[in-house]
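Features reported for this protein in TrEMBL:
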| type | residues | note |
| --- | --- | --- |
| BINDING | HIS72, HIS74, HIS242, ASP317 | Fe(3+) binding site |
| BINDING | HIS72, HIS74, HIS242, ASP317 | Zn(2+) binding site |
| BINDING | ARG81, TYR144, HIS177, GLN245, THR322 | 4-imidazolone-5-propanoate binding site |
| BINDING | TYR144, ASN319, GLY321 | N-formimidoyl-L-glutamate binding site |
| DOMAIN | 64-404 | domain 'Amidohydrolase-related' |
Amino acid sequence: MEKQFDAIWINAVMATCEQGYGLIQEAAIAVKEGTIAWLGAMNALPGKPDALADQVYDVKGYCLTPGLIDCHTHLIYAGNRASEFEMRLQGVSYEEIARRGGGIQSTVRATRQASFETLLQASLKRARALLASGVTTVEIKSGYGLDWDTELKILRVAKRIEELLPMTVCTTFLGAHTIPVEYREAPDAYVDLVCEEMIPKVAREKLASAVDVFCEKIAFNLQQTERVFKTAKQHGLAVKCHSEQLSDSGSASLAAAYQALSVDHLEHISEAGIKAIAQSGTVAVLLPGAYYFLREKAQPPVELLRQHRVPMAIATDCNPGTSPLLSLLIALNMACTLFRLTPEEALTGVTRYAAKALGLHKQGTLTLGNYADFAVWEAAHPAELAYYIGGNPLRQLVKRGKIVDSKAGA
Ligand SMILES: [Zn+2]
């Protein structure tokens with residue numbers, strides 16, 4: 001006779017992340033057809049585990065959490081900027097590096113030149129590194145092409161990664177990342193291109209579910225940002241914003257007016273901006289890797305975000321220039337050490353609220369009916385995930401009810 005469940009995990013310290021940790025001691029979780037079919041205290045199971053499922057896994061008191069969600073990355077790019085990092089430490093200024101063709105433009109050049117296959121192989125390595133530390137869903141932004149062919153190539157590489165790895169990939173179109181060299185004298189003409197040609201194609205070909213803008217003095221101003229938001233909304237796409245990272249431009253309030261899924265960075269957000277995103281239900285995505293790598297001084301106002309009950313998410317911001325960070329677990333630690341989040345807030349920030357930042361339902365928490373994406377950690381308590389620096393306590397990763405092969409996609 002067919003058993004009630006496909007597989008069941010028993011003896012877990014389970015953090016459902018539904019509200020705070022949502023801890024259940026001596027817990028069990030059962031899976032049927034890739035979704036969570038039962039969860040709770042083991043002694044409430046409707047029968048003996050091996051009568052309920054053919055596959056029974058004894059977690060032996062280890063911690064079981066939702067699969068982690070990295071809700072902000074730029075992991076598809078060619079080349080890297082290690083030589084610039086070295087030059088900066090030898091005392092060469094940003095301006096001089098830019099004059100020598102460095103900075104974001106060097107990544108754009110390399111990414112434009114790279115073949116699909118070269119770009120895929122370089123990016124797969126980074127996606128695998130995230131997977132190996134418990135990430136079952138990743139957001140990937142375009143934005144190192146800044147011309148249609150390359151933006152399209154990046155978004156297609158992202159879709160290919162989703163086919164090759166047991167990860168959900170959410171794609172975001174970030175054509176408005178920076179003004180490409182060829183438009184330096186006519187930035188509005190580039191915004192025309194993004195709004196009139198690129199976003200309609202992205203929507204038509206379903207290449208991304210959201211559109212992001214880098215609103216900053218060195219990138220796009222408020223008016224340009226609003227044009228992109230308006231166009232995205234007209235085409236049925238959600239909006240996100242690289243917001244208030246280096247200065248307070250008012251972009252968080254603007255994003256809130258467009259019901260942005262998230263505003264990201266926020267080192268310089270004002271209280272008015274915080275009130276606006278609290279009202280619109282927009283997630284504040286904090287990116288401690290960039291803060292660390294750039295040795296920023298201003299911290300995001302975490303206490304004010306708390307007071308206004310703004311949901312906070314944490315992400316790697318994996319990118320070659322300002323956050324070459326390949327571990328979401330290290331981002332958790334940094335969120336606690338640098339931004340003073342509690343380990344509970346940090347874990348919620350890479351599960352429940354990271355899902356919200358991507359507009360995803362059915363994942364981010366261990367809840368009946370959600371996708372069976374979860375991780376078993378060699379840890380007795382979930383606080384250990386934010387505690388270690390550079391360890392990887394992952395024991396087992398489950399994606400849609402199936403155990404992920406540790407060499408997946410290799
Ligand atoms: Zn970013």
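In case you wondered, yes, glycine gets a Cβ from its N, Cα and C as well.
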Take the C-alpha atoms of ARG81 (4-imidazolone-5-propanoate binding site) and GLY321 (N-formimidoyl-L-glutamate binding site) and report the distance between them in angstrom, rounded. 6
Which one, from the binding-site residues GLN245, ASN319, THR322, has the smallest tally of other C-beta atoms lying within 10 Å of its C-beta? THR322
Which of HIS72, HIS74, ARG81, HIS177, HIS242, all binding-site residues, has a Cβ with the fewest other Cβ atoms inside 10 Å: ARG81
How long is the line from the C-alpha of GLY321 (N-formimidoyl-L-glutamate binding site) to the C-alpha of HIS177 (4-imidazolone-5-propanoate binding site), rounded to the nearest angstrom? 13
So which of HIS177, GLN245, ASP317, listed as binding-site residues, have a Cβ under 6 Å from an atom of ligand 1? ASP317
Give, as a single whole number between 0 and 100, the mean pLDDT over the domain 'Amidohydrolase-related' (64-404). 96
Simplified to three states, DSSP reports GLN245 (4-imidazolone-5-propanoate binding site) as coil
Chain-mates of HIS72, HIS74, HIS242, ASP317 with C-beta within 8 Å of site centroid, Zn(2+): THR73, LYS141, ASP212, ASP264, HIS265, LEU287, ALA290, ALA315, CYS318, ASN319, SER323
